[in-house]
Amino acid sequence: MSGIVIAIVVLTILALVFGVLLGFAAEKFKVEGNPLVDQVEALLPQTQCGQCGYPGCRPYAEAIANGDKINKCPPGGTATMEKIADLVGVDPEPLNATEAVQEKKVAFIREDECIGCTKCIQACPVDAILGSGKLMHTVITDYCTGCDLCVAPCPVDCIDMLPIEQTTKTWDWQLNAIPVKQVQEEPQC
């Protein structure tokens, strides 16, 4: 056999042996994550806005799993906080005064002043802003969470945070807060 064939065979055998060893080591030393973190993260709104004091929803979910307060997520609101409280097994708390949003707001771009720099698009964590370079931008209000992250990067200050007009579509019906009483039927004669 030639030297090249021997080298190829030896390298192939070494690759297979090391592959088997790495596969075994990966299974043997596997690190399990906290399943509570994944469950809490699934309940959070995934806006990655940072209003809770953490850089995103995953770090906040990890903090909640480690015992941090559950009432720091303004975009999620009271409904999300109550679901997390039920999951974690703690009493629901009202949103912190510093985190609580008095009224829901959305971004509004004054299009006649917009220079199309795209800095607001890059800052928006939920892709609620449409536009492209050197063209006017606009906000999709149904997607906007009101996180306010698009306002600061705007070099011409053409973004305002405006309150949402209350309609039947935007009203918080709080259907989970309606008390339901179970009534037993009495046997009839």
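Each position is counted from 1, following the chain as shown.
Each residue, glycine too, has its Cβ placed from N, Cα and C.
Feature annotations, courtesy of Swiss-Prot:
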BINDING   Cys49, Cys52, Cys57, Cys73  [4Fe-4S] cluster 1 binding site
BINDING   Cys114, Cys117, Cys120, Cys154  [4Fe-4S] cluster 2 binding site
BINDING   Cys124, Cys144, Cys147, Cys150  [4Fe-4S] cluster 3 binding site
DOMAIN    32-90  domain '4Fe-4S'
DOMAIN    105-134  domain '4Fe-4S ferredoxin-type 1'
DOMAIN    135-164  domain '4Fe-4S ferredoxin-type 2'
REGION    1-26  region 'Hydrophobic'
One should report the C-alpha separation between Cys73 ([4Fe-4S] cluster 1 binding site) and Cys117 ([4Fe-4S] cluster 2 binding site), rounded to whole angstrom, as 30
Any idea what the Cα distance is from Cys114 ([4Fe-4S] cluster 2 binding site) over to Cys124 ([4Fe-4S] cluster 3 binding site), rounded to a whole Å?
16
By a three-class reduction of DSSP, Cys120 ([4Fe-4S] cluster 2 binding site) is assigned helix
Per-region confidence, the domain '4Fe-4S ferredoxin-type 1' (105-134) (mean pLDDT, whole number)
92
Cys117 ([4Fe-4S] cluster 2 binding site) sits from Cys144 ([4Fe-4S] cluster 3 binding site) (Cα to Cα, rounded, in Å) at a distance of 19
Taking helix as H, G and I and strand as E and B in DSSP, count the residues of the region 'Hydrophobic' (1-26) in helix, strand and coil.
24 helix, 0 strand, 2 coil
Spatial neighbours of Cys57 ([4Fe-4S] cluster 1 binding site) among the binding-site residues Cys117, Cys120, Cys124, Cys147, Cys150, Cys154, defined as Cα within 10 A: which are they?
none
